[in-house]
Amino acid sequence: MEKTRPLWTTPLQFVFACISYAVGLGNVWRFPYLCQMYGGGSFLVPYVVMLVVEGMPLLYLELAVGQHMRQGSIGAWRTVSPYLSGVGVASVLVSFFLCTYYNVINAWAFWYLFHSFQDPLPWSVCPLNGNRTGYVEECEKASSTQYFWYRKTLNISPSIQESGAVQWEPALCLVLAWLVVYLCVLRGTASTGKVVYFTALLPYCVLIIYLVRGLTLHGATNGLAYMFTPKMEQLANPKAWINAATQIFFSLGLGFGSLIAFASYNEPSNNCQKHAIIVSIINSSTSIFASIVTFSIYGFKATFNYESCLNKVILLLTNSFDLEDGFLTANNLEQVKDYLASAYPSKYSEVFPQIRNCSLESELETAVQGTGLAFIVYTEAIKNMEVSQLWSVLYFFMLLLLGVGSMLGNTAAILTPLMDSKLISSYLPKEAISGLVCLTNCAIGMVFTMEAGSYWFDIFNDYAATLSLLLIVLVETVALCYVYGLSRFESEFKAMTGRALNWYWKVMWGGVSPLLIISLFIFYLSDYIITGTLQYQAWDAAQVSAVSGVSLSETKCLSRTGAVVCHNGNHHPAPCFPQLLLEYGCLTMLRLLLLRHRVNQPDLCPFFFYTFSPFRSPQSSEQSSLCYRAGSH
């Protein structure tokens, strides 16, 4: 007898599960960066447009497919067509890749959370050197927050070739992170449905607390003014629209199969159209809300750094020219500098190289995203707050909730198809299936706790789940509309839910959304051709610098044919195992997508995996010159 499919206890559980999955770390550390880069308040125009023409329709499509087919991604697309099983398998593989490295962020959040109970915070001051006569040189050259991140947390190696050993502290945190995920998914919807109330609601409580605190910080208005001052000329920038579309796409978690898995546990008559609109609006509103919090913190940090810079210049000039204490202030600094330069030209020329150029605008324009924002910029601001331990605990607790909430969806995308399989579920209970999946991912994830783990993390983050998702969602949309048939799906969906599809959804699914995804492909390809080689930055302990421009001791370059070589300071090329792993995974995914066809074109792999990634930062021409160009290797 066929087992009854488990259901969400209430529709509210389903909504919270989708919100917990969609609202993740990208809302906190990616969207504010895009606002900063593309015109502040004016970026909201392309963002809202892309939400309406891309985000909502594609989210509704995946929810409708999951609820109608009542299976995970593999079974759902096999029902659409036996030839499309590979689409579901590709979704599972991408989710597996994502789970492998994504939970490492939760491990880092645990690590920082545990250290947040110390007084003073360990990243607030540089440690003493071995003979206790001064501070550690690497920390002095960089900053205490960068030193704690790169040396104490990652213990990063100078190149990806030097893998180093597994760091036992991050490794234990990773085991803890996977244990938490396992306990949350242990009983399927029965356990996940209870956890999502916390992972969906508590981050908003922390954000509200941080908003109140952020608005009371000195200089917060400078950050908010920078955010909300629109630069309308950015509306003519195609990259602003492309990045808005990309942010909407990846923020909602389309293509992973998680939304299909969640919707498959709905009642057949559930109004998933309403839920798609609600989740889309809440996700985007959270991004804007988190940006207000972030820019208030940005303003505080920028103002603090700006005033610290002024005070150092004032102290330098006061001591150098024996000025009266209190005579030199921020208001008359420029006038006094001009006077000193004209009255004492020789002495001023000696001091001039030590005078820093202090600018509040340049501090506000420092754009950082990803782990640099979460673990360096935020911690830099937190350490200067009163009762810094409290704010640190709240912040990393929020990051942990956001990360765990997203992991519930990512693991559901893997577990649901496995549990739907009669072959697997007949031999193993769901607790064992969940345990094996978590254990496998945890074992592979240990790679990211090695000394070179940060470089591996960047490679997976840039290439494991970017363009492959665009390809998957494009095939999903075309398959539903033109293989299964939009009119057939509409009639069956109406019979199931009692609601007809609005013309708006049909127009978006049948034309606008697929064309938009194809446009993204064209942009990525053209940008890749124009850019040429792509790079990442490595940490050099001997020549450290700020997070926005970490010095290069080794640069990884991707040639236009997709070949990757790693080299050290002597420019000796060596193969990169992480790239080879992803290259193999890429080729496997293409074969799965074209399940019944033979693919004998390995050159397709670089096209899909090594084109422009929306998460990489632009590099300078000086850094480009350091690349070892692979050419046709």
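Placed from the backbone N, Cα and C atoms, the Cβ positions cover glycine too.
Please treat TrEMBL annotations as automatic predictions, because they have not gone through curation.
The annotation transmembrane segment is assigned in TrEMBL to 12-31, 43-63, 83-114, 165-185, 197-220, 240-265, 277-298, 393-415, 436-457, 463-486, 507-525. Positions annotated as Na(+) binding site by TrEMBL: Ala22, Val23, Asn27, Ser251, Asn283, Leu402, Ser406.
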Applying a 10 Å Cβ distance cut-off over all chains shown, what neighbour count does Ser406 (Na(+) binding site) have?
27
Same chain, not part of Ala22, Val23, Asn27, Ser251, Asn283, Leu402, Ser406: whose C-beta falls within 8 angstroms of the C-beta centre of the Na(+) site? Give them in sequence order.
Ile19, Tyr21, Gly24, Leu25, Gly26, Leu252, Gly253, Thr286, Ser287, Gly405
Mind pulling out the one from 43-63, 197-220, 507-525 with the most Cβ pairs under 8 angstroms to the transmembrane segment (12-31)?
197-220
Which one, 43-63, 197-220, 436-457, 463-486, 507-525, has the most C-beta pairs under 8 Å toward the transmembrane segment (83-114)?
463-486
Cβ contacts under 8 Å made by the transmembrane segment (240-265) with residues that lie 6+ beyond its boundaries:
5-8, 14, 17-18, 21-22, 24, 26-27, 30-31, 34, 37-39, 42-43, 46-47, 49-51, 54-55, 58-59, 62-67, 69-73, 76, 88, 91-92, 94-95, 98, 189, 234, 272, 279-280, 283-284, 287, 406, 409-410, 412-413, 415-417, 465-466, 468-470, 472-473, 476, 516, 520, 523, 614
When you check the transmembrane segment (436-457) against the transmembrane segment (165-185), do you get at least 3 Cβ pairs under 8 Å, counting only pairs 6 or more apart in sequence?
yes
Have the transmembrane segment (463-486) and the transmembrane segment (43-63) got at least three CB pairs under 8 Å, pairs 6 or more apart in sequence?
yes
Please give me the CB contact count at 10 A for Leu402 (Na(+) binding site), counting all chains in the structure.
29
The transmembrane segment (507-525) in contact with the transmembrane segment (43-63), cutoff 8 A, at least 3 CB pairs, sep 6+:
yes
Long-range Cβ neighbours of the transmembrane segment (197-220) (under 8 Å; 6 or more residues past either end):
13, 16-17, 19-20, 23, 286, 289-290, 292-293, 296-297, 299-304, 385, 391, 394-395, 397-398, 401-402, 404-405, 408
Result, the transmembrane segment (277-298) in contact with the transmembrane segment (43-63) (3+ CB pairs under 8 Å):
yes
Long-range neighbours of the transmembrane segment (393-415), counting only residues six or more past its ends (CB under 8 A):
17-18, 20-25, 27-28, 72-73, 91-92, 95-96, 98-99, 102-103, 105-106, 109-110, 112-113, 116-117, 177, 180-181, 184-185, 188, 192, 195-196, 198-200, 202-203, 206-207, 209-210, 253, 256-262, 374, 378, 382, 430, 433-434, 437-438
In sequence order, which residues at least six apart in the same chain have a CB under 8 Å from the CB of Ser251 (Na(+) binding site)?
Ala22, Gly24, Gly26, Asn27, Arg30, Phe31, Gly55, Asn283, Ser284, Ser287
Those residues of the chain, 6+ apart, with a Cβ under 8 Å from that of Val23 (Na(+) binding site):
Ala200, Pro203, Ile282, Asn283, Thr286, Leu402, Gly405
